[in-house]
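Below: the structure, in structure tokens.
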Amino acid sequence: MASHKDVKKVVLAYSGGLDTSIILKWLQTELGAEVVTFTADLGQGEELEPARKKAEMLGIKEIYIEDVREEFVRDFVFPMFRANAVYEGVYLLGTSIARPLISKHLIDIARKTGADAIAHGATGKGNDQVRFELSAYALNPDIKIIAPWRDWSFKSRTDLLEFAEKHQIPVAKDKKGEAPFSVDANLLHSSSEGKVLEDPAREAPEYVHMRTISPEAAPDKATVIKVGFERGDAVSIDGVRMSPATLLAKLNEYGRDNGIGRLDLVENRFVGMKSRGVYETPGGTILLAAHRAIESITLDRGAAHLKDELMPRYAELIYYGFWFSPEREMLQAAIDRSQEHVEGEVTLKLYKGNVMVIGRESGKSLYSDKLVTFEDDQGAYDQKDAAGFIKLNALRLRTLAARNR
């Protein structure tokens, strides 16, 4: 076990579930530390008042439960979507992007309450331990961090349940055995991993999907919506302006009802292993398609292509936990500069798991009818100019061909 004997007061990222309740009691009994709890409402869809009651029952005096949904979407999700960030070609980073926000609040509460440490419930095998801790150290280089899953002596679920029983921590009857899979959720997405999902050759059971109906069960009639953008951020649906969190929640409803946003993938974790996950990102999938569509008529080709080159690196930084790094902030500044004229409206058709762009318009559009028309362009484009353009671009190819023949 790492030495935490000098820790007096700890801020714990607390869900109210069995695992973090055991961690709470472990911090009290094994370290003798005073515990402050922080529970974030990230739009996970759970009632959070039970977390307060359970913390009170376990003797906690300082309890923080905060609604961070608007901050989450405005300051973390939307900046990420300006970049069109996708990890390994498919993953929209729903879990990754929530961790720096949680760490930020843990550090803020530690400063406010005079705590000298923070604690989290991430295991020693996953990415989240890295994300939580890199973010925390970036915000407070002197903070102590306790990760009980790396420190304690419990070897099995039975050990945890025995500890819970010994310390009178309530255990729901359906928690006596291990859950069939692990779940993480927020307003952007839900992820399911482990247990029944560990064999990547087997299809995930339908009951794993909690955010969307199956595409096969989706309506036979398509849903058509319009998403409005300003400076790269979605601001309206069908002409109705909404706050960031409200807008994403509405897109989630459209995605859910049309079976959109399911993903079954094997990803490369930062710690080195491969992991199979089943993710649902209904609103985010719609948002990404809409954002790329509005960029297609408002971004210059050079800027658009450079963004696409930078995106995998930007996505990696978020996945690995470097949200608060200078390189991510540098990339963000460039991305945000590119979004100054990304405004307008995109029309999308949602149908049985598919998001189809069927229209896009903008007062800042670079699309020119005169240039692309198949009819008389009235001198807007002289096709004779193409001959010289091609000849100059072919110069090196012709030189190579002449040498090699």
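Each Cβ is built from the backbone N, Cα and C atoms, and glycine gets one as well.
For the L-citrulline site, Swiss-Prot gives TYR91, SER96, ASN127, ARG131, SER182, SER191, TYR279; the one candidate out of GLU203, GLU267 that the record lists there too is GLU267. Between the candidates ALA33, ALA40, ALA98, ALA138, Swiss-Prot assigns the ATP site shared with ALA13, TYR14, SER15, GLY16, GLY17, LEU18, ASP19, THR20, SER21, GLY121 to ALA40. The binding-site residues considered are GLY17, GLY121; of these, GLY17 has the fewest other C-beta atoms within 10 angstroms of its C-beta. THR123 (L-aspartate binding site) sits 15 Å from SER15 (ATP binding site), taking the C-alpha atoms as the reference points. Around SER15 (ATP binding site), the C-beta neighbours below 8 angstroms that are at least 6 residues distant in the chain are THR39, ALA51, GLY121. Cα-Cα distance from TYR91 (L-citrulline binding site) to ALA13 (ATP binding site): 25 Å (rounded to the nearest whole number). Same-chain neighbours of the L-aspartate site beyond THR123, ASN127, ASP128, judged by a C-beta within 8 angstroms of the site's C-beta center, are, in sequence order, ALA122, LYS125, GLY126, GLN129, VAL130, ARG131.
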